[in-house]
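Pasting the relevant annotations from TrEMBL:
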- 1-28: signal peptide (SIGNAL)
- 31-168: domain 'CAND6/7 N-terminal' (DOMAIN)
- 184-428: domain 'GOST seven transmembrane' (DOMAIN)
- 188-206: transmembrane segment (TRANSMEM)
- 218-237: transmembrane segment (TRANSMEM)
- 257-280: transmembrane segment (TRANSMEM)
- 292-311: transmembrane segment (TRANSMEM)
- 323-344: transmembrane segment (TRANSMEM)
- 372-394: transmembrane segment (TRANSMEM)
- 400-421: transmembrane segment (TRANSMEM)
Amino acid sequence: MARSPPRSRFDPLLFVVAALASILSSSAEIKNLKISSDSRPIILFEKFGFTPRGEVNITVSDVFVSSTLATPDPALLGFLLLADESLIQAAYDSQHKRSANSNPNPNGRCILDSTYVIRLFTLAEISRQSASLNRSFPITRPDEYSLFFANCAPETSVSMSVRTEMYNGRSDGSRDYLSVGQSPVPSLYAFFAIVYVAFFAFWIYVTLFQNRLAAQTIHHLMAGLLLTKALNLVFAAEDQHYIRQTGTPHGWDVLFYIFQFLKGVLLFTVIVLIGTGWSFLKPFLQEREKKVLIIVIPLQVIANIASIVIGETGPFIQNWVTWNQVFLLIDVVCCCAILFPIIWSIRSLRETSKTDGKAAKNLAKLTLFRQFYIVVIGYLYFTRIVVYALRTIASYKYQWVSVATEETASLAFYVFMFYMFRPAEKNQYFMLDDDQEEAAEMVLREEEFEL
């Protein structure tokens, strides 16, 4: 976010951008944050969905305020809560009041004074001796709120340590540190983890016992993908469970990020290798196919580093939006890169079908790879675009629906991919009768398998 211009204490545009950025990552756990010489007019800390028993606890310490102008008024710096439905009104109210002021006073109107926000406290309430403050605020109206720090003093920077707790009280007096729309997520992850464990056991049976002679190296890599996916979900469930109960992940987040990285690398690798036909169609990779892997794997490393920064920090850091952009860019590049081997395989099979006299087999392979290409595009589009749109438009009470939808789509994609490329001595796509040759030749002449 850009530094606020000297003539204005608060830029509503920055406020809107900060709130929209929070859609990308909503944090719930207890956090200890450090702000150092930050002059941004608005800082987003967290976003949380509250029940009628919700509460916010904020501890601020080691506060230091400096300005290049006169001594700043501490009443112009403070914390506030803002409901999503009031975001536009608050930004408009701040802009309208400032525009309507005929006096060219650069101070304008502070968002802390807006009737659309819940002002928690300002730095004027902090004792000069201790330079710290601890406050708890019950939520009287259930909604999804964003916690902000507003700096309405021009040319002023702030340094401080902030500890935040947001939670909903249960009927038994315990605390739920997950947002109201995220509470079912641990159970969802646990359910899908069980499904993938069963999937993995079945795949092991197919590759090591039922069709052991037909199993190729790619099938063992696919087994590794299922295992890492199952473990990733197990650790995600544990991570979210401990956050829900105690507000901290108790180290489960480390295992989650490790297996998220392994799962991501294996998924893209398996898609690339299947797209090239490696192992079950040819025993080697061409140079250009190797280059795709050389590009995709390091990019996945960078993407997971960005994911860790996004997940373990939050929008309060100045480069948080940049890390989101890096993650999005790398994800798009990887999604595009893994499509090239499939396209190359389709074109190669198309050319081969004209000369090798095996029209039926080539037609089956072309059909298989074209279906795989379409399904991969559908999977990438659904999990990147549709799920994001669902997460954005769904009510805060139903944020878990986007998680369930994404995991269901992923499971459907895995089932399709593993079924179509399962080990089989008489795979329907590669073991066809000679009687089909003439019909296949006609299809290959009449239908173009170009993309």
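Any Cβ shown, glycine's included, is placed from N, Cα and C.
Here the structure is a predicted model, which means the values were calculated and not measured.
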Mind pulling out the one from 218-237, 292-311, 323-344, 400-421 with the most Cβ pairs under 8 angstroms to the transmembrane segment (257-280)?
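Looking only at 218-237, 292-311, 323-344, 400-421, the most contacts with the transmembrane segment (257-280) come from 218-237.
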I'm checking region-level scores; what's the whole-number mean pLDDT for the domain 'CAND6/7 N-terminal' (31-168)?
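That stretch averages a pLDDT of 83.
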Going through 188-206, 292-311, 323-344, 400-421 one by one, which has the most CB pairs that fall under 8 Å from the transmembrane segment (372-394)?
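So the stretch in question is 400-421.
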